[in-house]
């Protein structure tokens with residue numbers, strides 16, 4: 001049995017506000033009964049009257065906002081270190097120190113390697129890996145998150161800065177400012193417009209693109225082109241110039257890294273830690289430490305071999321080369337580029353001058369895309385380790401923005417939170433954000449005292465480190481669950497994956513996000529409409545139509561056509577159940593007004609059941625003459641019988657009769673049962 005409302009008892013008020021009744025009588029809409037337990041326009045009018053802005057109210061709001069900003073609760077929210085630092089103890093310090101040292105050994109080779117993805121000197125990756133960590137200690141909300149070079153940030157920087165250090169640093173500075181503004185205006189919700197499938201497709205494509213960009217260092221061939229396919233085509237054309245020793249070293253290190261990663265997941269002894277012996281526990285900790293420090297271990301081993309071969313003039317590998325020692329000077333980014341003539345002797349091409357506006361124009365819509373993608377990456381990291389804690393997206397935006405502004409002051413390029421590096425931080429036992437402090441200190445010490453040894457690091461080893469990290473970011477594992485859950489979601493994911501591989505990355509992600517929004521709009525424009533033929537207990541038949549969502553411009557034409565099509569096939573009254581219509585717009589009001597006129601011309605009754613007062617006010621703006629009903633008693637005993645007895649009965653006469661029956665004092669209850677025919 002399907003019913004409009006089955007065995008529902010409505011409680012009615014003893015008195016009805018005469019003022020409210022007068023307001024409805026003076027409007028263009030027929031009033032049946034507004035005093036319903038689900039809708040109360042009287043209450044809404046009171047609330048609106050109470051919040052009418054005036055000078056005193058505005059001044060009071062400003063003072064309230066100022067007091068709220070100065071409260072200790074707000075200060076702790078915007079400066080999270082105040083919350084956890086007083087509780088910091090010795091165990092926290094030990095855990096953070098171990099985690100910071102472990103992750104620091106991972107950050108150094110990654111920073112050197114990701115510089116090659118950006119097309120910048122090796123030291124630029126190190127410059128972008130320490131000051132952001134210091135800032136995140138003060139402002140970050142996720143203890144496991146670490147700020148530094150990532151595959152996504154590096155590739156996005158290369159796509160928009162095109163290997164120019166000045167443009168890369170300016171991009172870091174401006175996107176940091178934009179992130180701070182996004183945090184102030186609470187625009188973190190923008191990440192919600194990028195669906196999970198699109199994010200997975202984009203991340204997978206970025207992983208393959210970064211992998212491709214590093215293959216040229218392992219193979220020793222030239223790679224040109226701005227897309228995945230173009231890079232592979234250019235490398236295959238130059239394959240006869242492959243460097244055998246670099247290839248052997250690169251693929252050998254890659255295999256070694258993957259083997260160590262797999263072995264590090266093994267555990268000796270029983271599964272329960274309490275049942276293991278002391279020796280087994282020590283061996284498991286050693287295996288775990290070797291696994292998380294595998295990057296540094298491989299780099300140190302390969303560097304020692306290269307140093308020995310270089311000392312004997314037998315080195316066959318391409319090395320990282322000279323890295324200037326010492327910390328970079330603190331200064332603002334270059335907001336202009338001075339023109340420099342070419343030097344034919346040194347092989348240096350001419351550098352054209354650029355003004356600030358020209359530099360911004362060259363960065364293009366990267367100033368918008370990069371912060372959104374960075375937000376998406378940071379939120380993904382926080383969600384992975386948040387467990388049951390709520391994520392403060394605005395605070396994360398603010399922390400990342402300040403971190404990147406600070407990084408730009410030391411000539412570093414874009415830095416984000418990295419999932420792989422944060423996983424190492426978590427596995428190493430970090431307790432608080434203080435682990436970022438130790439990571440930054442280790443990077444600073446390496447820049448100050450170890451750069452002369454970085455000269456001997458083979459480029460093929462750094463490429464192997466990047467490939468071993470990004471290959472596991474290809475999110476193939478979500479395909480099967482998505483296929484089982486909702487196959488249609490594979491379409492935007494595959495589109496994002498393919499377009500980012502075939503087209504330049506910045507165009508691919510714009511196309512994928514745009515197509516996904518069109519996909520969402522299409523579904524919004526096609527609401528599900530339930531059509532039922534019902535009858536009351538008194539034998540009055542009618543058609544009930546129930547849309548399942550709001551009436552807005554993409555969907556209202558579809559709803560109108562369905563209602564007109566259903567109404568044209570019968571002379572029965574049409575009842576539109578508006579229970580799920582919580583909002584409408586001007587376009588919807590205009591279309592519904594036209595539809596009501598069509599029904600009036602053929603003298604067929606159309607009744608809007610349970611239409612929200614907020615939506616009614618929108619329709620009243622166009623003087624639309626609606627017949628409203630908020631009570632099953634009025635629907636079954638007055639509106640439907642009157643429509644059945646005389647389809648030409650005027651709407652004006654209904655107003656007087658219905659209000660006389662429903663607007664008075666009521667103390668009884670009534671029940672309506674409607675059964676499907």
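The backbone N, Cα and C atoms fix where each Cβ goes, glycine too.
Annotation comment: TrEMBL describes 95-491 as domain 'SLC26A/SulP transporter'.
Averaged over the domain 'STAS' (543-623), the predicted model reaches a pLDDT of 88. The domain 'STAS' annotation in TrEMBL covers 543-623.
Within the same chain, residues 118, 120-121, 124, 128, 157, 332-335, 337, 359-360, 362-363, 366-368, 370-371, 374-375, 394-395, 397-398, 400-408, 411-415 sit at least 6 positions outside the transmembrane segment (165-185) and bring their C-beta atoms closer than 8 Å to a C-beta of that stretch. Here TrEMBL flags 165-185 (among others) as transmembrane segment.
The feature transmembrane segment is assigned by TrEMBL to 197-219 (among others). When Cβ-Cβ distances below 8 Å are used as the criterion, the transmembrane segment (197-219) is approached by residues 113, 116-117, 151-152, 154-155, 228, 231-232, 235, 239, 242-243, 246-247, 250-251, 254, 318, 373, 376, 380, 459-460, 462-464, 466-467, 470-471, 473-476, 478, 482, 489-498, 500-501, 505, 508-509, 512-513, 516 of the same chain, each at least six residues removed from its ends.
According to TrEMBL, the transmembrane segment annotation covers 244-264 (among others). When Cβ-Cβ distances below 8 Å are used as the criterion, the transmembrane segment (244-264) is approached by residues 217-220, 287-288, 290-292, 294-295, 297-298, 302, 316-318, 458-461, 463-465, 467-468 of the same chain, each at least six residues removed from its ends.
Beyond its flanks by at least six residues, the transmembrane segment (285-309) meets 102, 105-106, 108-110, 249, 253, 256-257, 260-261, 263-268, 315-317, 319, 424, 427-428, 453, 456-458, 461-462, 464-465 of its own chain at Cβ-Cβ distances under 8 Å. Summarising the annotation, TrEMBL assigns transmembrane segment to 285-309 (among others).
Among the features that TrEMBL reports, transmembrane segment is placed at 363-386 (among others).
What TrEMBL records for 437-456 (among others) is transmembrane segment. Below 8 angstroms of C-beta separation, residues 96-97, 99-101, 103-105, 107-108, 111-112, 122-123, 126-127, 129-134, 137, 146, 148, 303, 306-307, 310, 319-327 of the same chain, each at least six residues beyond the ends of the transmembrane segment (437-456), sit close to that stretch.
Look at TrEMBL and you will find 462-483 (among others) tagged as transmembrane segment. Same-chain residues lying 6 or more positions outside the transmembrane segment (462-483) and placing a CB less than 8 Å from one of its CB atoms are 109-110, 112-114, 116-117, 151, 196-197, 200, 203-204, 206-208, 210-211, 214-215, 217-218, 250-251, 253-254, 257-258, 261, 295, 298-299, 320, 419-420, 489-490, 493.
Tertiary neighbourhood of the transmembrane segment (495-522): same-chain residues 155-156, 159-160, 193-195, 197-202, 204-206, 208-209, 226-229, 364-366, 369, 373, 554, selected by CB-CB distance under 8 Å and a gap of 6+ residues from either end. What TrEMBL records for 495-522 (among others) is transmembrane segment.
Helix, strand and coil counts from DSSP across the domain 'STAS' (543-623) read 37 helix, 15 strand, 29 coil.
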